[in-house]
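Per Swiss-Prot, transmembrane segment is recorded for 17-37, 60-80, 91-111, 137-157, 173-193, 213-233, 239-259, 274-294, 311-331, 338-358, and the stated evidence type is sequence analysis.
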Amino acid sequence: MNPVPAQREYFLDSIRAWLMLLGIPFHISLIYSSHTWHVNSAESSLWLTLFNDFIHSFRMQVFFVISGYFSYMLFLRYPLKKWWKVRVERVGIPMLTAIPLLTLPQFIMLQYVKGKAESWPGLSLYDKYNTLAWELISHLWFLLVLVVMTTLCVWIFKRIRNNLENSDKTNKKFSMVKLSVIFLCLGIGYAVIRRTIFIVYPPILSNGMFNFIVMQTLFYLPFFILGALAFIFPHLKALFTTPSRGCTLAAALAFVAYLLNQRYGSGDAWMYETESVITMVLGLWMVNVVFSFGHRLLNFQSARVTYFVNASLFIYLVHHPLTLFFGAYITPHITSNWLGFLCGLIFVVGIAIILYEIHLRIPLLKFLFSGKPVVKRENDKAPAR
């Protein structure tokens, strides 16, 4: 069993928090992009569309690598059953809390904003179920995927640990070229699976729960496992934290290919399959870009950084309904897209931080939005000496 390093990986904590918080400008820019969303501005902005595409092309791939890294670290710290329980509680409880408190009111608001409240009774039972699946899971999808991945990794991590006990991990060598070939093959494999499903039974791809539990898990699981391997093998971690011009250039070219596919691809043709191949390798290369950047600039302890690391999940959970409220009721009154984008950031971040501070003072909400039981310090009750 590998010892858990005593030194905290501050840069990984910071990167994970910033990737979470990037969801705020991502969703606000989505309002002003050329992409169709729940709410959109009257005129789209080319630069905000480009900004939105850039964030979307790599953010979650890097996020799941970091999640896999910390998951395996905890896997070595706890017994198997306790590890699964702790991990599922920390992501499952906030997800289940956010559904009635955040995404259900968000869904009701959108029904009236989009004028669909009157047509709801006429929907079939399946359409109601599927609509609720999409709308209630909403931006919480990654928490559901983490629950599924954690359950799958009960077996996967055990196999990895057993294989390590029977082999010499110091002889394991990694190169970005080999990893790129592997992830290219994984992207092609995912594309083949998706195309096969599209040919055999296309309606299942529109099923919300199938999309989240099967397709999203299938795509992001390699990144999750890559994160675990980066924890196990120092050489692999060093490969990601060492700046690489090759990875930076390859990521830039892959992003151009991603944009071209977005602009000229067709959903009825091969756009989604092509995107999966591009974003699979782009995500790998961006792990190097983000990790090396973060390792150089964010590998330090700071009270301010720690605050946002702790607040990032709560802020992400509440930002989505706030963003949609802003888009539905405030965006129409702001003629400038860039001014609207900046106002949206101030509006959403400001209210989210206020709500975060309020919830910290309510023990039940603090538990529900973190999944961590509130521990009372015995020292607080001890008499002064």
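Keep in mind that glycine also has a Cβ here, set from the backbone N, Cα and C atoms.
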Of the listed stretches 60-80, 213-233, 274-294, 311-331, 338-358, which one has the most C-beta pairs under 8 A with the transmembrane segment (239-259)?
274-294
Of the listed stretches (91-111, 311-331, 338-358), which one yields the highest count of Cβ-Cβ distances below 8 Å with the transmembrane segment (17-37)?
311-331
Within-chain partners of the transmembrane segment (338-358) [C-beta distance under 8 Å, separation at least 6 from its ends]:
24-25, 28-29, 31-32, 41, 45, 48, 311, 314-315, 318-319, 322-323, 326-327, 330-331
Proximity of the transmembrane segment (274-294) to the transmembrane segment (173-193), 3+ C-beta pairs under 8 angstroms
yes
